[in-house]
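Peer 1: Questions regarding the structure given below will be posed in turn.
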4 protein chains.
Amino acid sequence: MTDFFNGIPTIAYEGPEAAHDFAFRHYDPDAVIMGKPMKDHLRFACAYWHSFAWPGGDPFGGPTFVRPWFDDTMDAAKMKADVALEMFQILGVPYFCFHDADVRPEGASFSESIDNLAQITDYFAEKMDQSGVKLLWGTANLFSHRRYMAGAATNPDPDVFAYAAATIKACMDATIKLGGENYVLWGGREGYETLLNTDMGRERQQAGRMLQMVVDYKHKMGFEGTILIEPKPQEPTKHQYDYDVATVYGFLKDFGLEDEVKVNIEQGHAILAGHSFEHELALARELGIFGSIDMNRNDYQSGWDTDQFPNNVPEMALAYYEVLRAGGFTTGGTNFDAKLRRQSLDPEDLIIAHVGGMDACAAGLKAAAAMFEDGKLEAARDARYAGWNTAAGQDLLHRSSLEDCYAKVTEQAIEPEPRSGRQERLENLVNRYL
Amino acid sequence: MTDFFNGIPTIAYEGPEAAHDFAFRHYDPDAVIMGKPMKDHLRFACAYWHSFAWPGGDPFGGPTFVRPWFDDTMDAAKMKADVALEMFQILGVPYFCFHDADVRPEGASFSESIDNLAQITDYFAEKMDQSGVKLLWGTANLFSHRRYMAGAATNPDPDVFAYAAATIKACMDATIKLGGENYVLWGGREGYETLLNTDMGRERQQAGRMLQMVVDYKHKMGFEGTILIEPKPQEPTKHQYDYDVATVYGFLKDFGLEDEVKVNIEQGHAILAGHSFEHELALARELGIFGSIDMNRNDYQSGWDTDQFPNNVPEMALAYYEVLRAGGFTTGGTNFDAKLRRQSLDPEDLIIAHVGGMDACAAGLKAAAAMFEDGKLEAARDARYAGWNTAAGQDLLHRSSLEDCYAKVTEQAIEPEPRSGRQERLENLVNRYL
Amino acid sequence: MTDFFNGIPTIAYEGPEAAHDFAFRHYDPDAVIMGKPMKDHLRFACAYWHSFAWPGGDPFGGPTFVRPWFDDTMDAAKMKADVALEMFQILGVPYFCFHDADVRPEGASFSESIDNLAQITDYFAEKMDQSGVKLLWGTANLFSHRRYMAGAATNPDPDVFAYAAATIKACMDATIKLGGENYVLWGGREGYETLLNTDMGRERQQAGRMLQMVVDYKHKMGFEGTILIEPKPQEPTKHQYDYDVATVYGFLKDFGLEDEVKVNIEQGHAILAGHSFEHELALARELGIFGSIDMNRNDYQSGWDTDQFPNNVPEMALAYYEVLRAGGFTTGGTNFDAKLRRQSLDPEDLIIAHVGGMDACAAGLKAAAAMFEDGKLEAARDARYAGWNTAAGQDLLHRSSLEDCYAKVTEQAIEPEPRSGRQERLENLVNRYL
Amino acid sequence: MTDFFNGIPTIAYEGPEAAHDFAFRHYDPDAVIMGKPMKDHLRFACAYWHSFAWPGGDPFGGPTFVRPWFDDTMDAAKMKADVALEMFQILGVPYFCFHDADVRPEGASFSESIDNLAQITDYFAEKMDQSGVKLLWGTANLFSHRRYMAGAATNPDPDVFAYAAATIKACMDATIKLGGENYVLWGGREGYETLLNTDMGRERQQAGRMLQMVVDYKHKMGFEGTILIEPKPQEPTKHQYDYDVATVYGFLKDFGLEDEVKVNIEQGHAILAGHSFEHELALARELGIFGSIDMNRNDYQSGWDTDQFPNNVPEMALAYYEVLRAGGFTTGGTNFDAKLRRQSLDPEDLIIAHVGGMDACAAGLKAAAAMFEDGKLEAARDARYAGWNTAAGQDLLHRSSLEDCYAKVTEQAIEPEPRSGRQERLENLVNRYL
C-alpha cells in the first residue's frame, strides 16, 4: 500500500442519511434493481488519464497538482499504478480505462514506448489479478504528441498514419492481454484547423481505411470486445470528423461498418455538439450503435470540454432511462471521463469526487428504473402513435404513394385536428420518480 | 405595372465607383468568368416568402410592414405576384422560389387550397412566360399551420402524414407545371420539442418513407429536376432531424437514397449547427450530395435564424470557392433566403437589400474564381498530401493491415517529423484575391 | 364561473405520493419553513401574457391555441379575466402580473387604449377584491406594436419617447390602483439591430432620463412598491442595453439611481447572457439591487428565449439558496414567466404546467432552507476566507499600498501555498439536501 | 544577430500587387491618412507571450514548437529577447507588450524572480535604445502559477493578495523604467470556478482595493501612462469579474475610478462575451473609457479564446471606424494578442502571420478613414435623430415628466409613424469603402 490515500476508508453504502463525506448514499452495489445488481447495471469505470496523469494545467495556467509519481520513469509509472488500483478498491469501482500514454513513460523511440507499455501492462495484469479490478476499455493516445498535430489516421503524412496504426495495434494487444471488454477510438486530431489546407475527401478515406484495419485486426485476434468510436464536435481541432452520433453513423454506413462498430457517448461532447446527452443516447439506440458512455458534465455556460463530475440527478435519470430502453449495457459501462477542478488539490478530493459522481448515477438509475417499471411514460408515448398501429396506418407507412395520399385526403376530406403533446404533464411525471 | 416600386430604376452594372444606391458595383450578369457568364455561375433567385409574405413580426412584436396585398384573397395574391415579378425584373434576377402558402390564399379545406394554388400558378405561368423569369425550386409549407405542430411526415397522427403527402404532390405538380429546376424539402417541424413524447425510431421510418414516395413520384412524373433536402439543426423545434449535411447523408444512406437526393445548404443553418458555411459546402461536395444554396447571413452573436442579406465578401469568396471546386451549380443556384430587417419598411429597402446581396456574392465569386484559376491554393493543398500519391502511400491506403504498419514502423524506425501547416500563409494568400 | 377549466379540481397539497396530475407534491402553502409559511417565501405569481394572451405562434408557425377570448373586444377581455382569475384560484396562486396589452383591447388611438385599460382594471379590481388575488407587478408593453420597432425610451423619434412615457404613466396608475407591489420595466426594444444607424450615447441618455421620470413619478404618487428593471441580453434586438445584472448596475450608478431601482431577474435571460441563474441572483444581492425573479427555464441547447416551466429541482435549490442569502423577497416574488409549449393545447395543460413549476420551486426552496439552516455550506465558505478577518488581513484590505505589500512579501519571504477549493465536496454536500 | 529568421527580409510596403509572402500590400507606415501617418493611427505592437513564450500546447496536446530559447535560464531569456527584437525590426513594428513571466526565468523565490526581471529589463532597455522599439504596455502574469489558481487580488488567502500586489509593483516599475505608455491588468483568475466556495462580495472589495492601490502608485511614481483593464467573460475561470466593457464600467463607478482607468478591448474576448468587437469599442467610447485594443480574431464556431491573427478586412474596417470616432488612440495602440496556430512551426510563419494581420488592419483603417471623411454614414445617423435636436426634443429630454408626456400625447393626439431604419442601405454603403 502507498500512503497517498492515508486515512481514507473504503467507501460503503450507508444510505441517504450518512453524515460524512466518505459514504455512498445511493450506490448500493449489490442491491437488485430490475432483476440485476446495481453494479451490473452501472458497470462503473475510472479514467486513468484524468485522475492520475493530468497535472491540473489549463490554457492559462501550469500544473497545480503535486503528485509523487509525476516523473517520466518506470518506477513512477508503477507508483501511479499502485495508487490507481488503491483508488479503485477504495471506491469499489470494478473497471478502469486507459490510454497507452497515461500508463507508461514515453520512450525515446517507438520501440522503447512499446517496451514500456509491455512492462507496465504486465504490472497491471498482476495487480488486476490480485484485486479483481477489470479493464473496461483500452485506447491509444493519438493526439498529445506533436507528431499527431495534423491528425493520426487523417494526417497528410503517410508515415504518421503508419505510426498511428502501429500504435493502435500495440494498444489493442495490451487491451486483449488485460482482458479489456472494449477498444475505443477517440479521434482528437482527426479533423482540421482550417479548410484551406485540408483535403476532406482524402482524410475521410484514410479514416475509413484505418477503421477497417482495426476491425480486421479485432477479428484476426479473436477479440470479442466491442470497437467503439467516441464522437466529439471540436476541441482541440476547429472541426472533428466524428462530430456526433448521427455523423458517425453516416461514416459507418459509408464504409459498411455499421454492424462492426458502436459509439461511446460522452455527456460533455453531446453538449458541445448542441445536443442533450439523452438525445445522443436515444439516437444511438435507434440506429443500433449504442455501446458505452463517458460520464461527466459540461458546464452549460462554457464553450469547451469541462469534464466535470456529474451531479445533477434529474439529468442522470434521463440518461439511464435511455440506457435501460436500449436494454442496458452489454460490453459497455459508465466510465467517469471526469477530472477534478484544478483547485481540488487533495487526495481526498479524488475520492470524494468519484463518490459524488457514483451516487448521482446511482440515484439517476434508481429513478430511471422506477419510471421504466412503472410504464406510464412508455404508455403515454405509445398512445400518441397508436394510429400508426392500425392496418390503415401500416398500409400508409409501407405501401402508399403520394397519389394514394392525395386521393385519400380529397376523397375523405381529411382535415387533421391537432392533439396536445402534453409535454409539461410528462415532465411532471418524470419528476415524480426523483 | 403596379406602383409599388414607383421611381426605382432597373438596376444595371455601373462598376465600383457608382455613386448611388441603385446600381450594381460588382454583379455584371454577362461578364464572363472562367468561360461562363456571371449570371450562369450565380443563378440568383429571390425567395417569395421573405420578400412578399412576411409581415415583419418577431417573437416579441407584431407586423411592421404595411403592404397593399396583405389580404387573404385571390386578388391580393395576384397583386403580390405582380409586385414580385416587377422586383425580379428590376433586379434582373432570373429565378425565384416559393412555398404554396406564400402564393395562394389558404382555403377553407384542402381542396380549396389546391384550387387556389392551381389558379395562382396559372397566373404565374403567364407572367413567367412574358418576363422570362424562371422557377429555381418549389416547395410545400409543412410547418406554419397548426395541423403540422407535431410534424408533417413525422407526425404521430397518420392523417397528418397523408395530408402532408397530398400537399407535396400538389406542390411537385405546381413545380413541374412552372418548369421548376428543383424541388426542396425543409422539415421545419420534422424533429421534436421533447424526447419524452417522441418515438424517434418510428419518426425516422416515417421520414424515410415520405422521401421514398417523393423520389418515386419524381420518376413517375419524369421530373428531371433535383430533389433537395435543406438541413437545419433546430428552430422552430428543439431538435430537427435534418440537423446538418453529415446527418442528412447518414439518413440518405440508411434509406438508400444518396444517389437520388442532394442538399440545399443555407449559410444561417450551417452557423446554427456549429459549422462554417464553407464546411457544409465542402462536406456536401465530398459526399457527392451538393445541390444548391440558400444564401443569407446569420448574426454571429444571435442564437436563432436571423436570415440577413449577405454582405461579407471574404466569406462569400470562401463559399463560392467551394462551389467552384464542386464544378459549379447544375440545377441549383443562389437563392436569397434573406429577409429585410423589420425596421426596413420602404419598398426601396427591398431592392437595395437584394442589390447589396447580389453584389456581395458577385464580388465573392470573382475573388473565388481568381483564386481557383491561379491555382496556388490547390497547389499548396496537393503538396501537403503528396506522400499519399506515391506507390508506398497508395499501398498503405489500400492494402495495409495494422501488423504491416507495425512492422514498417519498427523495421524502418519511423519517427515522423511534423511539418508546418502554414495556415496564416494560406489565409494571407486568400486575402490577396479580395 | 366560465367552463374553461371544467372538471379540474382546486389543487391541494397531497404529498409526494399523490397518484394523479392535479395535486401538489411539494408545495404546501402554509407549511412553515425557517419561521415563515412557504407561500410567503415563494410569493408565486402567474404571468397574464403567456397563459392568456399568447396564441401559440413561433417564428415558423401561426397560432395553435384556440381560446374563446381570442377577440379584440372588451367582452373578450372580460372573459379572459374571468378565466385568469379562475386559474389563479384553482392553483392557489396569490399574485399575478400583467402588461397593459395583455388585458385590454388595443384602441384606435392612445386615448381609447387608455380608456380600455381603465375599464378592464376596474373589472380586475372588483374580481381581485372578491378573490383575494393580488398584483405582484404591472408593466407596459413597449415592444409589440410597430411604433416601438426602433425603441421606446431609446427611439430616434422623440414622439415615441413621449408616447412611451405617457403609456408608462397609465400603467403605473393602473398598478397603483390595483395595489401592485412593484412596477417592472423590460426594455425589449431598448437596444439596436445594427450599430450603423444607432447613436448609443444619445440612446443611453434617453434611457436614463426615462428611468428618472419613472422614479420621480413613483415618489410623487407616493407609490411604495419597487421599481424593477428586467435585464436581458438580446432578442428581439441584436443587443439590448439592459444586458445583465452587472450592466444594469453600471447604468444605475451612472444615473445615480442605484438606491431607487432594483432588478427582476429571469432564469432564461441569465442563460442567454452566458450566466447561471444563481450567478445573477448572487451578484444582484452583493450589489444591493436584488428585487424579484421571473421563474422559468431556458433550454440549454437553444439560443433563444424558450420560457419553459422550471422542472429541475437541483437548479431551483441553488436559486432559492441565493434568495435566502439575500434575506428573502420583500416586495418581490416568484413570477412564472413561462409559457406552455405550443403543442400543449388543452386547458388542463395550463394547470398542470403551473403545478409542476410550483412544485419544483417548493422542492428547491425546501432543500435551500435545509442547507441554509444547517449552515455547513456557509461555514465552509467563511473558513476559506478566514485569513481576511484577522487584523493583518483587514489592514491589508483597507490600508495597504503596493509598496507595503512589496516590503511584506520580501521581508517575510512569503511564498503562498495553495489550498484545495474542495468544489466536488461542496457539490456533494449540496446534493445531500435534495 | 541570431540566425532564427535567417533569409527573411525586412518587410516593406510593395502595394497590393506584390507577388510574394514578405511584403506589405496595405500597410504603408508613412502614408498619411486623415492628416496622420498610418503608423501613428495604428500604433502596432507585438505580444511577447504568444510569439516567444508559448510552446504550442493545447488542452489535448503538448508543445509543438521547438525554439532554441525554450530553457529557463537567463541566457535563454536573452536569446529570446534578441530574436524578439529582430522580429520587431523585420516587421517595422514600433511597440511590444510583455508580462514579467514572458521575459524572465521564474526564480526560486519572489526576490529571485524580481532580480531576474531587473536583469532582463536592463537588457531590454539597451536593445530598445539601439533599435528604437518602444513599450506599449507592461503587465504582470497573475494567472499561470499555481499560487494564483484561486485568484490574485480576489484570492481567499491575503498572502496571495500581497504577493500579487508586490508583483504588480515590480511590473509597474519595469514598465516605467522601459518608458511604457500604459500598464494593463488582465484578471485571468479574478473570477470563480464555483459559486459554492466563493464570496463575491469580499472578492469584489479586494479587487477594488487592488485597483485603488495601482492608481495610487501610478500617481506617486508620476507615471503618465494609462491604467487599463482588459475585460474577458470567462476562461480560464467559469466566470471572470471583468466580464465585458459594461461590467468593468459598473465596477469602476462603484469604486470611483472611472476617470482613472480605461479598457483594453480584445476582439476575441468581445466575441466570447456575446458582443461584436465594434460594440465593445463603441460602448467604451460612449462611456469615456476607451483605451487600447488587443487585436486578434476568435473563431466564430469555437467557444474558447482562439487568439488568431485578424484577417477579415470588413470587420477591421468597422473596428477602426469606432476607433476613429473615439478620436483615435492616445496612449493606446493595436497589440496583436494573437498566436500562430500550433501547426505553424516555422520561423517564417511568425513573420507571415504578423504581415497578414498588419495588412488586414491597414486595409481596414483605410476603409474606415474613407468612410469617416466621406461623412455619409454619420450624416445618415444624425438625420435619424434630428428630432431630438429641436427645442421640443431637448425640452423633452431634459425637463419633462411622465405627466407632461401624457398631456402632450393626449392633447396632440400623437400616434407616431415608424420610419425605415435602412439597415441594408447602410450595410451596402459600408461595403462601398472596402
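Cβ atoms here come from the backbone N, Cα and C positions, even for glycine.
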Peer 1: Quick check on the annotation: TrEMBL has A:GLU230, A:GLU266, A:ASP337 binding Mg(2+) 1, so which of A:ASP199, A:ASP244, A:ASP294, A:ASP359 does it put in that site too?
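Peer 2: It is A:ASP294, as the record lists it for that site.
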Peer 1: Just name the binding-site residues among A:GLU230, A:HIS269, A:ASP294, A:ASP305, A:ASP307 whose Cβ comes within less than 8 Å of a chain D Cβ; none is a fine answer.
Peer 2: A:ASP305
Peer 1: What subset of the recorded positions A:HIS99, A:ASP102, A:HIS269, A:ASP305, A:ASP307 lies within 10 angstroms of A:GLU230 (Mg(2+) 1 binding site), using C-alpha positions?
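Peer 2: Cα filter at 10 Å returns A:HIS269.
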Peer 1: Restricting the comparison to the binding-site residues A:GLU266, A:ASP307, A:ASP337, which residue's C-alpha is spatially nearest the C-alpha of A:ASP102 (active site)?
Peer 2: A:ASP337
Peer 1: Does DSSP give A:HIS99 (active site) helix, strand or coil?
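Peer 2: DSSP assigns A:HIS99 (active site) to strand.
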Peer 1: Between the recorded positions A:HIS99, A:GLU266, A:ASP294, which lies closest to A:ASP305 (Mg(2+) 2 binding site), Cα to Cα?
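Peer 2: The answer is A:GLU266.
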Peer 1: Neighbours of the Mg(2+) 1 site A:GLU230, A:GLU266, A:ASP294, A:ASP337: Cβ within 8 Å of the Cβ centroid, same chain, sequence order.
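Peer 2: So the additional residues around the site are A:TRP186, A:LYS232, A:ASN264, A:ILE265, A:GLN267, A:GLY268, A:HIS269, A:ILE293, A:MET295, A:ASN296, A:ASN335.
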Peer 1: Considering Cα atoms only, can you say which of A:GLU266, A:ASP294, A:ASP337 is the nearest neighbour of A:ASP307 (Mg(2+) 2 binding site) among these binding-site residues?
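Peer 2: If we rank A:GLU266, A:ASP294, A:ASP337 by Cα distance to A:ASP307 (Mg(2+) 2 binding site), first place goes to A:ASP337.
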Peer 1: Other residues near the Mg(2+) 2 site, CB within 8 A of the CB centroid of A:GLU266, A:HIS269, A:ASP305, A:ASP307?
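Peer 2: For the Mg(2+) 2 site, the extra neighbours are A:LYS232, A:GLN267, A:GLY268, A:ILE271, A:LEU272, A:ASP294, A:ASN296, A:ASN298, A:THR306, A:ASP337.
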Peer 1: Fill in the CA-CA distance, A:ASP294 (Mg(2+) 1 binding site) to A:HIS99 (active site), as an integer in Å.
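Peer 2: Pair distance, Cα basis, whole Å: 14 Å.
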Peer 1: Taking 10 A as the limit, how many CB atoms besides its own sit near the CB of A:ASP307 (Mg(2+) 2 binding site)?
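Peer 2: Taking all protein chains shown, A:ASP307 (Mg(2+) 2 binding site) has 25 Cβ neighbours within 10 Å.
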Peer 1: I'd like to confirm something. Which of the binding-site residues, A:GLU266, A:HIS269, A:ASP337, has a Cα closest to the Cα of A:HIS99 (active site)?
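Peer 2: Closest recorded candidate to A:HIS99 (active site) by Cα: A:ASP337.
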Peer 1: Which one, from the recorded positions A:HIS99, A:HIS269, has the smallest tally of other C-beta atoms lying within 10 Å of its C-beta?
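Peer 2: Taking A:HIS99, A:HIS269 as the recorded positions, the minimal 10 Å Cβ count falls on A:HIS99.
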Peer 1: How many Å separate the Cα atoms of A:HIS269 (Mg(2+) 2 binding site) and A:ASP337 (Mg(2+) 1 binding site)?
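Peer 2: Approximately 11 Å lies between the Cα of A:HIS269 (Mg(2+) 2 binding site) and that of A:ASP337 (Mg(2+) 1 binding site).
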Peer 1: Sorted by position, what residues of the same chain at least six away from A:GLU266 (Mg(2+) 1 binding site) have a C-beta under 8 A from it?
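Peer 2: Correct list: A:GLU230, A:PRO231, A:LYS232, A:ILE293, A:ASP294, A:MET295, A:ASN296, A:ASP337.
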